[in-house]
Every structure is written in structure tokens, then in C-alpha cells.
Amino acid sequence: MAGHPGNPEPLSPRAKLAVTAGKAAAAVSRAAGRGSGSVIGGRVALKLDPELLGRLAQHLDVVLVSATNGKTTTTRLIAEALRASGPVVSNALGANMPAGITSALAGGSDAKYGVIEVDEKYLAGVARDVAPKAIALLNLSRDQLDRAAETRMLAEKWREGLSGTKAVVIANADDPLVVWAASSSANVVWVAAGQEWKDDAWSCPACGGVMQRPGDDWFCGECGFRRPAPSWALSGDHVLDPHGSAWPIHLQLPGRANRANAATSAAVAAVFGVPPQVALERMYQVQAVAGRYDVVSFQGRDLRLLLAKNPAGWLETFSLIDPPPTPVILSVNARGADGTDTSWLWDVDYTRLAGHPIVVIGDRRLDLAVRLEVAGLDFRVCETVDEAVQLSPPGRIELIANYTAFQDVRRRVGN
Amino acid sequence: MSDSSLRLVWVYPDLLSTYGDQGNALVVERRARQRGLDVQRVDVRSDQPIPTSGDIYLIGGGEDRPQRLAAERLRRDGGLNRAAENGAIIFSVCAGYQILGHEFINDLGEREPGLGLLDVVSTRGEGARCVGDVLADIDPRLGLPQLTGFENHQGVTHLGPTARPFARTVFGNGNGTGDGTEGAFNETVFGTYMHGPVMARNPQIADLLLKLALDVNALPPTDDRWYEALRSERIAAASQPA
């Protein structure tokens, strides 16, 4: 990269050197067959110039996207919407910590917008470094409890980190933890994006009181902390804008959670002057994100690949799969990137799969087997995805897997 | 038992159900039904009174602030102590285990009184968090096979004279005291640091609670092959840490 032509403040020699060194490291990493190299490249660059991330971002209108679930997809939807108004740089492959973000921004010298997915734990720091114009907060729920911070503490960190931000915060009014985190910001656009999973917000993030949740509403019975009035809303397969107009959502991606992501993305696009109609039309372009939701042909069968990493994700996934007797294959691992504790399987209501023929695979198929046995479901246990597919009765197969199990399946089915 | 049905009380799922420990309630319920027992499961939220007529009470793990809130509300409510006086069987995990003791360190770094149902005192460890698979030998008086579980805590729990160690660790930390103890129990109250959840990996603990609650020596057999397969795998895994 040779600086930012046309930008008022070109990168300093140090920043340029850092970007070049980072790209060299990435190229070496790629040549060694160790992934895209974006993370190692970013790491090298940040070491040479710790303020590089902020410097790279200062020429961009930046949107940050964070959440427990839906970050990658929403980042794609927003990027697609904003392309209506100018070139976009984005960490579309989900490298969402500072090094990966730095690397992604370094590759977008001509961009007008930066649409950046940020890991929940790094949001406050990245928001400080890149002075974003907008921050989208989708949801917070339990995830990898063996190593991640407590869920409510994450909300607290967001709240502290975002207080005083100049960004417009676009936040989910239906998630009490997100509302708590966002309400320290001066300028919040509330979106009624819904959230099926409720089990991380039964106690009030403000005072610890017991949350009351009649219908779609919620409030704390003790301190008065309550659901803010949303200006945007997801309503079935439409987005309601602040003027009350309903815009149809057309996505190639399935499920309520993705319609919620589209509603939030439309609200973000509006901050940048892209009208909801234009934004939503463009979102139709977004296909499978990093293999998620992809339908692949394998052994003469159609397999839909669904990623679900935590209880909230599994719940949303159950609501989008085809009804029985569609066969379902479940795969769970507990390697480093998954979290090494499988206890969370017991927070997932597997009785929702009643009526589906079920096959379980993955490193931790025996944990799943006991879980399903106790849920009173019929299931079979297989060693491999090949065997599981052969055992599944006819019809398209829904395959639901957690993080590394999903990567294993993708590798095997050639996706 | 209070009447013809077994009352299973799941205490404060709004505060203490963060680490999959509701699996313990599911396993106890399932194994009771498999024996033809009529089970009434009662989930009690922390703004509701704890019923005092339950047969088995289960309490799970939770994060630091919910743990303090749970202790405050349980002390104020008093129902769990009355249930214990009535001879109810109480089984607790992690944060719930600490609450049943005399005191623990709360999220504010202060000493928080517990319910005094177990003769234990918990503090916070100085070192790294204890995270990983555990293998332990359960007190032979209980007649149970080896304990397998997953621990994820920073607590250190010291046992007083009227509490016995639930198990002796073979691998892992357990009570974190360095003396190889894991959990604690007396006649009717049990505590452990084991998640997994612990009953999924050790269904015979669920059976022990049922036998104590029903005052019987044996239960009809169940088909435990998946539990057994999981147990073998996890016991092998604990013996060969990654």
C-alpha cells in the first residue's frame, strides 16, 4: 500500500513501514500454509506501530459490530448495504481481534467505509482506537464459560468503554444486557430485534432485582430499569423504520436471527444516509458467510451446514431448520476455540428436536448422547460425517455443529 | 416423601444456572421417572419463596454477583434451612456449594455469610483459576464409583469437623486446598465443585439422592450404556491431560 491517495493526512513513514512489514509477514504465513496470514500480519504491523489501527481508521467512516452471536453475518449485511454509497473495507473473514482488524483495514486504502466485526472482549479498546461513527450491538449471552469473562461483566465493560463515545450506538432493545451496555452512550438508536434466549438476563444488570418479562416487554420490578421504546423494529419479515414504514426483508440467509440482523443493519445504514429500501435490497446479495448456511452436495445428499456455538445460537438454529421428518446431524467438539467445558449442552433445549431422526458425531458425541438420552430422544451415534450421512433417512439433512466441529465438517464435505 | 410424588426443587435458576447445572435436575427427574416414580419438579425463582416440603433440592453454579444475590435471598427466605431441618436431601454445585457453607468471599471481595448447612468455609484462591477435567475417588461410605467432572472455579473451600470430603482427587484440584479433597457432605447435604454436569457423568449420584429421599437401599436398574461410555471417555481424558 502506498498511502491513501486523495486523503488529507497520508500515513506516516512508520505506519507505512508497519503496513509493509505486516503484509510481508502475512505472505510468509500464507506461503507456509498457515491460513490467510491476516492475524500474524496484523500482529507484526501493530508491534511496529501500536497506533496503526487508529491511523488506518482515521480516513474511514467506521462501523463496529459486536455481539455474542451474529457478528460475522451482520458485518457482511452492513458492508453490502453501505456499498450503495461507497467502497467498503471489512474483516469479512471474521478475524475480529485488533491484529486481524488492523490487517483488514491495511488492505483497504481506497475505501470510504470500514465495517468491522469486533470480538466482544475487545470492543471497548477498538472503539477507543478507531473513533467509529456507529457501533452496532446485537446481543450478549453465555459463551465459552471456561475462559471468557462473565456475561454481565462483558456488558459492564461495554458500558464503561462506550460512555462518552461520539458514535451512534445501534442497540437491541430486546436484550437487557445490551440495553444496559448501550445506555451509557449519549446517542442510541434502539432496534426491537428480538432475542429468543432469555436465560442470561433474569437478574437486572443495574440493581440485581428479578426481571419481569411479560410478553415481549421486560422491566426490573425493583429499580425501574426497563425496555426502551425502539425506533426500528423487526416485525415478521419486515423492518419497521422510525416513520412507521414497513420494508420487506429478502435474504438468502434463513431464520429469524438473520432477519433481526438485517433490521439492525438497516438502522445502521440509515445512519450513513442509505435508505432502508436500498439497504435491504442490497442485503439479498449476501450468501453463505464463511460456509454458514451453505447447502452442499455430499455423497449424493444435500447437507445444510449450520453453525451454533452456544445455547442462544442453538436455540435460534432450532427455530430455522426444516420440520420433521427432516434428518438432523449434530456435531460437538470441545477444543480450545470451542471452550473445553461441554456443560452448556444442558442449557440447550434439545426436546425441540423431537420427531427428527438424529445422528450425533464430533469429538464429544458421548456428551451429546447422554444429553439426548436424558431428553428422551431417539438418536444414533456415529464416528464420522460420512457414516452419519449414510445412516440418515432421505431428504435434505440439517447439520448443526459448534465451531471446530463445523470446520471439521466443512473440510470433509469439501466446502 | 411428603405424598405419593417426589418433589424435586431446582433453586434459583434465574441466578444459579449458568454452567449447565440444570442438567442435574434433568438427570434426577429422568432417572426417577425411569423407575416409575411420579416426579414433581419445581423451579423456584429468587423472588419466590423456597418450598419447605421438597424431597430433593438442587442448587447450581453461578457468577459472582448472582451468587451474592442468591445468598442474600436464601438467608432472608429461610426456606432451604427449614427444608434441611425437615430432612430434605440437598445437593449443591460450585457457587451453590459455597452458599451452603458458613461463609464465602463475594463479588465485592467481602465475607458473605452462607446458610451454614455444610461445615465449610470458602475463600478465593490466589493462583490461577482451576479449569479442567477432574477424576476423584468418592468417600467409600457412599458406595459410588469414581467421580468424573469438569471444574471451573477460583474458590478454596476448607472443611470443618462435621463435614466429610465428598471425594479425594486423583487428577484436578477439587476444593483447591491442596490436600486432595473434593466437595463435602454430611448426612443429607452435599456439595461439589464438579460441573459437566456432574449427574450426567455420575448418574449414580442421582440414584444416591433418590435412595436417600425415598429411604430405600436399591432402585430398579436402568440402561446406562451412554452414561458408561461417557464416563470411560472422561476418566481416560482426565488421566491424560492435553
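Count begins at 1; order follows the chain as displayed.
Cβ atoms here come from the backbone N, Cα and C positions, even for glycine.
TrEMBL annotations: computationally assigned, not manually curated.
Remember, predicted model here, so these are calculated numbers, not experimental data.
Positions annotated as active site by TrEMBL: A:Asp341. Within 10 Å of the Cβ of A:Asp341 (active site) there are 22 other Cβ atoms, across all protein chains.
Non-local contacts of A:Cys207 (Zn(2+) binding site) by the CB criterion (under 8 A, 6+ apart in sequence, same chain) comprise A:Cys220, A:Glu222, A:Cys223, A:Phe225. Taken from TrEMBL, the feature Zn(2+) binding site applies to A:Cys204, A:Cys207, A:Cys220, A:Cys223.
Residues annotated as domain 'Mur ligase central' in TrEMBL: A:68-269.
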Distant-in-sequence Cβ neighbours of A:Cys204 (Zn(2+) binding site), under 8 Å, six or more positions away: A:Pro176, A:Val210, A:Met211, A:Cys220, A:Glu222, A:Cys223, A:Phe225
Per-residue Cβ crowding (10 Å cut-off), top of binding-site residues A:Cys220, A:Cys223: A:Cys220
Cross-chain proximity of recorded positions to B (CB under 8 Å), evaluated over A:Cys204, A:Cys207, A:Cys220, A:Cys223, A:Asp341: A:Asp341
Listed in sequence order, residues not in A:Cys204, A:Cys207, A:Cys220, A:Cys223 with Cβ within 8 Å of the centre of the Zn(2+) site Cβ atoms: A:Pro205, A:Ala206, A:Gly208, A:Gly209, A:Met211, A:Gly221, A:Glu222, A:Gly224, A:Phe225
Across the domain 'Mur ligase central' (A:68-269), average pLDDT on the 0 to 100 scale: 93
